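Asker: First the structure, then my questions, so here it is.
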Amino acid sequence: MEAFYYLVFGALAAVVAGVELSKSNKDRINTSSAFNSFKNNYLVIYSLMMAGDWLQGPYVYYLYSTYGFGKGEIGQLFIAGFGSSMLFGTIVGSLADKQGRKRACITYCITYILSCITKHSSQYNVLMLGRILGGIATSLLFSAFESWLVAEHNKRGFEQQWLSVTFSKAIFLGNGVVAILAGLLGNTLVDAMALGPVAPFDAASCFLTIGMFVILFTWTENYGDPSESKDLFTQFRGAAVAITSDEKIALLGAIQSLFEGSMYTFVFLWTPALSPNDEDIPHGFIFATFMLSSMLGSSLASRLMARQTPRVESYMQIVFAISASSLLLPIVTSFLVAPSKVKGGSISFAGCIQLLGFCAFEACVGLFWPSIMKMRSQYIPEEARSTIMNFFRIPLNIFVCIVLYNVDAFPMTVMFGMCSIFLFVACLLQRRLMGIADKPKTEDWVALKERDTEAEPLNL
């Protein structure tokens, strides 16, 4: 079965190379040298930020286990991270809009570095503090950087379509190339150099520090609504009104929460799904294969977004349908393939089928990220972009916390079935979004903001 892993990886690598090398002028967007310089600066910083994040992921659980904590205690630490992102995410997002997105990105670096430092302690309370800091950092990673990029892109007068170039390249590099290299570096530090499971966190701190100084000396500041009178509660009300007053924003938030909730659940489920009888599977190699699949998706997204048709609202319906079908495979194989009762050994035939389906899902993830970024840049008002984006993450974090708390309460097939249903619902919502994409808003952000109501929801 070892040849199977190499065959899948090699086939994916060949397809990714083929897609990239076969791009014609129709698949590329002609841009200016000024934009290319701006884009490359952002890609370098984004890659450094993602390196700091990817280095930690594979070793968090392992580090906690080496400190002697059981599954229940580790589960509580993970819940603390997602809970922190849910509770503090909207606050830091609003502060990013008010105090500046550049400052928020620097705060991300400092917060995540402090989180990495806590990993040197085996004290549960210190590790819990690290998880809380990590949750705050995650909220900033997935809101402040994109908000800065969109605002700076528009401020410099670049064409709107050029944003899709930066989005697709950022995902291709940050969620593909960098993820694979980070996995290899982490493996080298922990296994080959025998520096222990805390070494990847130290390496992450180094990348984050370098990125922070590049931001300090190369980025300019930008803001959401610069009004001096707004407070956090008013910002929250303003974001809520923006979501409820524009169906497109509400649909976008629901779609994002459904897909990301399924994605994070998949992260916890793929290992036991592929090794239900403790089969010996190469976790690092499979992770690299998933990241290669994600690179394929982002490469396809760059092709699709470079053309006028199909529109992103249109092809994302197909992406959600494929992702829903791919996560049904564990359920289908449980009925069609007799389960093995032999402990250990190599991956089963059912596991091979599921692995192919999971690669298809990861390719959908690669398509999802740049596409959702483009839709957010079109529909979310600039004045409260970070606040609204973190509002979208509230239901996501609630869902993931519930899943983590009840991970042993439901059979794996039920969990995958739930994710598949969520993705199918996302497909239906995306179809609705496609139907109203060109429909003008009944009231734009400025009109809502200036409207004199009792609650003054947008008196920012």
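Keep in mind that glycine also has a Cβ here, set from the backbone N, Cα and C atoms.
Pulled from TrEMBL, these are the listed features:
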- 6-22: transmembrane segment (TRANSMEM)
- 43-62: transmembrane segment (TRANSMEM)
- 74-93: transmembrane segment (TRANSMEM)
- 128-150: transmembrane segment (TRANSMEM)
- 162-186: transmembrane segment (TRANSMEM)
- 198-220: transmembrane segment (TRANSMEM)
- 285-306: transmembrane segment (TRANSMEM)
- 318-338: transmembrane segment (TRANSMEM)
- 344-369: transmembrane segment (TRANSMEM)
- 390-407: transmembrane segment (TRANSMEM)
- 413-429: transmembrane segment (TRANSMEM)
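For the listed features, I'd like the structural context: burial, neighbours, distances.
Answerer: Note on the transmembrane segment (6-22): residues 285, 288-289, 292-293, 295-296, 299-300, 303, 355-356, 359 of its chain, located 6 or more positions outside it, place their CB under 8 angstroms from a CB of the stretch.
With a cut-off of 8 Å between Cβ atoms, the residues of this chain six or more beyond the transmembrane segment (285-306) that come close are 5, 8-9, 12-13, 15-16, 19-20, 23, 26-29, 58, 161, 164-165, 167-169, 171-172, 175-177, 179-180, 183-184, 270, 274, 312, 315, 355, 358-360, 362-371, 374.
Distant neighbours of the transmembrane segment (318-338): 255, 259, 262, 266, 273, 348-350, 353-354, 357-358, 360-361, 364-365, 367-368, 371, 412-413, 416-417, 419-421, 423-424, 426-427, 430; these residues of the same chain sit at least 6 beyond its ends, with a Cβ under 8 Å from one of its Cβ atoms.
Outside the transmembrane segment (344-369) by six or more residues, the chain places 1-2, 4, 8, 12, 167, 171-172, 175-176, 259, 263, 266, 270, 273-275, 277-281, 286, 289-291, 293-301, 304, 316, 319-320, 322-323, 326-327, 329-330, 333-334, 337 with a CB less than 8 A from a CB of the stretch.
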Asker: At a Cβ cut-off of 8 Å, and with pairs 6 or more apart in sequence only, do we get at least 3 pairs between the transmembrane segment (74-93) and the transmembrane segment (413-429), yes or no?
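Answerer: No, the transmembrane segment (74-93) does not contact the transmembrane segment (413-429).
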Asker: State the residues, same chain only, that lie 6 or more residues beyond the ends of the transmembrane segment (198-220) and have a CB under 8 A from a CB inside it; answer 'none' if no residue qualifies.
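Answerer: For the transmembrane segment (198-220), the nonlocal Cβ contacts are 41, 44-45, 48-49, 51-53, 55-56, 58-59, 63, 102, 105-106, 109-110, 112-113, 116-117, 119-120, 148, 152, 185-186, 189-190.
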